[in-house]
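Per TrEMBL, the features are:
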type     : residues : note
COMPBIAS : 8-20     : compositional bias 'Basic and acidic residues'
COMPBIAS : 62-71    : compositional bias 'Basic and acidic residues'
DOMAIN   : 81-332   : domain 'Anoctamin dimerisation'
DOMAIN   : 335-920  : domain 'Anoctamin transmembrane'
REGION   : 1-71     : region 'Disordered'
TRANSMEM : 346-370  : transmembrane segment
TRANSMEM : 423-442  : transmembrane segment
TRANSMEM : 501-526  : transmembrane segment
TRANSMEM : 562-583  : transmembrane segment
TRANSMEM : 606-627  : transmembrane segment
TRANSMEM : 728-751  : transmembrane segment
TRANSMEM : 779-803  : transmembrane segment
TRANSMEM : 881-906  : transmembrane segment
Amino acid sequence: MYEIAASHWEHRMSEEKGEKIPMLANKETDEVMQPQTNGGGQQRSADVPKKMEEEEEEDADVQDKKPSGLTDLEKLGRNMYFKSEPRRIDYILAWSTEGKPEKLAHSKEARAVFEENLEKEGLKLERDEKEGAEIHYLKVHAPYEVLTRYAEILKVRMPVKKSMDLDKIQQKYAKLETILIKMEGGGFKRQVVTPMKAVSTRLWDTMTDITKKLFTPFQLDPNVVKPIKRRFNVAYSRDKEYLFDIPEDKDTYFDNATRNRIVNFILRRKPFSREKEKAYSFGINKMIADGHYTDAYPLHEGHWKPGSADNERKLLFDHWANWRNCFKIQPLDHVRGYFGEKIAIYFAWLGFYMLMLIPASIIGLLVFIYGCAISGNSYPANEVCDESKNFTMCPLCDYQCPYWKLSAACSHARASRIFDNNATVFFAIFMSFWGTLFLEFWKRKQAALQFKWDLTDFVTEEQPPRPEFLAKLEHITTYKEHPITGIKEPHLPFWRRRFPIYLMSWTAMLFLAFLAIVAVVGVIAYRISTLAALQVLTRDTPVTNSTFIASTAELVYQNASLVTTVTAACINLLIIVILNFIYNRLAFWLTDMECLRTQKEYDDSITLKLFSLQFVNYYSSIIYIAFVKGRMVGRPGKYATLFGGRQEECEAGGCLIELCIQLAIIMTGKQLIVNNIVEILIPKIIKWIKRRIWPETQEQKMSKSPWEKDYKLQPAETTSLFYEYLEMVLQFGFLTLFVAAFPLGPLFALINNILEIRFDAVKFTTELRRPMAERIPDIGVWYSVLYGISRIAVISNAFIIALTSDFIPRLVYTMAYSPDGSLEGYVDHTLAVFNTSDFEEAKRPVFEGSEIVETCRYRDFRNPPDSDDPYEYSQMYWHVLAARFAFVVVFENVIVVITGLIAWLIPDVPAKLKLHIRREAYMSNEIIIKTELMRAQGEQVGEADIERIIQDENQRYRSNELGSMELVHRRSASPPNDKEKDNIV
């Protein structure tokens, strides 16, 4: 490995001197190097591949146009080494040479102090300062001694020797599954004893096997994307190096992600000022915030375009980000090895979420098909469409609107029946269970990933103060010693300084939320006015011989409610996009004002603010339609008014169809259209404009170093994943909170997420600089948000079914009022009668022929005008109201109890995984204890000794069905004698 790196470096030095150095022998260069093992127990490709197919210095945009012939230098791949000697570049620091002279001098002094401290720490540095270049670079390399020192400090888990590998331990444990049975002719034989598994265990194993077989076509080719096998890892210790599988070339022991993480840890801790009173002037983040450096980042390992040299980045693009693999399971272990656990956990969660959407999509599609099938044979829809019924409806607005026939709403009634049927109730119940199962099974999946990626004993390191926090409080004279680090930091008294800021911040939050509600009221006013305008269109349309104008006017009149709903939803979507932009800026500004100390505190605060604002922004209009619209309308002759106008009524088919349209436009429009435009189209347009304004020749592109090319990419900011999580959590809210109104929601979400995974994968592999490989054990605060949404969803769906749909009125009618238990006559029973003579003169319709209409109908449960209590609520109204609240109580409590029981029955960590974790911890402890004892006694510990210790421990202990380690007696009551031992088969 080291010879390849040295050859790579010698070739580049010789190219500069005009010399030619022959390539290594074919034996060394024409064969792919055997993968090395990294710090996480994974296998990775060698740092410098032995067989390359593409020049590394070529710009990514022109690689597919490169000549077919490759030089020896081009075959060696990307330059990842120092110019002066063969040391791998672990990190790049960049700074600008432009600015005011005083500022440049101060930055130069700060960099000098910082770099001096880095060298004292043992890091190796090399500058790249091209004359006349605007950006200069510092290359950082961590020698093996530094890596081992900090690997011990950070408790990095490293793979042990293969003799201690878990597979071999497992094989030795298999011997304990045998017993000796005495044969009739003498002697003993070994027989495997398989314990009887419980029925539930066998059923679960069968379902798991079937699932694996179903997903076999979606697996990546293991010969191309080699599976990364987990190694038996323990926390690294320099005193116990005899345990670890350290290769001869020690520089290849730590994988690139681990090297980058260790270097970043050092960069974040070193001071850049010699003044003792500025003890908080430390860390690369503070230096970037102060302008001493412009950025710090690890290098990508190669290009991703077709024809490039083989590397991990290209492998991820070809077999993960590429669209031809959009139906393939993600190579999460490779993603983790390249980008780190934080990004890998996000893609694992997104992929698991997408898989869980498959059954929900299938059930939702079946519910939709069922609704389409029964919509034509529904008694209520047929009665609405039956013109012989001659239901004359009351005007939809005062004075200007005419009377209208209920049969004009035939299409709306049939469409509403598609989504408002008995299957909708089943689907709402199913999705309530689905939300719980999704979260519980994700916890199990997360536990498996934590074990596989060595995150089970993850301890969050103490975070330093944010650079922005220190910069804002630079002139504060009040200091307080931090209880953990002991460093004196600027301190803001809570009541005098922090409380007023918090009060102002959350007051502004309430105002911004109120702004979203005002926008909803504006859309309501638009709907009311537009509907009234379209209703009088036929009256004001001039008489013309044009058939097109007449037919168009008639079409608009008949579909006035649908046109109003669709246009209002589109306007609402536009308002949501605009408010999102405002909310993002103001939420960050408010959080900056709060002067939060650590990055975690800052992230939690911005998460709470943005999610709260986005929740109000996205869901306020939907909540209005679902629970408010049509509830307080009043009746003809006595309508409730708001700002002098009548409140909105639900259309003839009910409010559920309007809620469905609103959900479809906002959910699909925001995620499938707006988000993809922002994430994909706009960056491509900006990139195209930059190419036109600042064109570069191919020679200029090829002359740039890898760190210059990576610097041109977009920075991988800490908020990159925040917006991705926020987008998916909002989608989860759409699916669970209002799924009763839109059974196709899971299907649209599934389609969106298939695209989302590839869009995000393309962004991380091609458009962003390589992020620092951060380690986190879970999805953080987002799990609590998802859990809260799933609980609220139970109540939300109960009220949608009870109040928004006609499920309860239909149920009450069939059980208490229908003569034959069917829905025949249901529409007539739900339409109250109004005597037109009771209209106020100022609100009476003035159309020609209006005077001959004696009565009109309207949707409500009220007494007729000739009853003892005219226009008061009828008996059926109170029956329906009682049934609705009874349904809400029963639905909510039953679902909560069952989902709680499901959550209790499903353990967070699989039983087999618990056993595996305990076995590994036990074995590693026992091996270390015994080997240390042998060393203390002056004995030399080799692989054979470790093998003997493992064998001894396997014979002494085994794991029982409960996962506990129990002692195995070495001698039975009647052990076989020496002669019998020779006869053991």
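Cβ from N, Cα, C; glycine included.
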Stretch contact, the transmembrane segment (881-906) with the transmembrane segment (423-442), Cβ-Cβ under 8 Å, 3+ pairs: yes
Ranked first among 423-442, 501-526, 562-583, 728-751, 779-803 for CB pairs under 8 angstroms with the transmembrane segment (606-627): 501-526
Maximum Cβ pairs under 8 Å to the transmembrane segment (346-370) - stretch from the list 423-442, 562-583, 728-751: 728-751
Confidence summary for the domain 'Anoctamin dimerisation' (81-332), mean pLDDT rounded: 80
Positions on the same chain near the transmembrane segment (562-583), where near means CB under 8 A and six or more residues out: 412, 512, 515-516, 519-520, 522-523, 526-527, 530-531, 534, 556, 610, 613-614, 617-618, 621, 651, 658, 661-662, 665-666, 669-670, 674
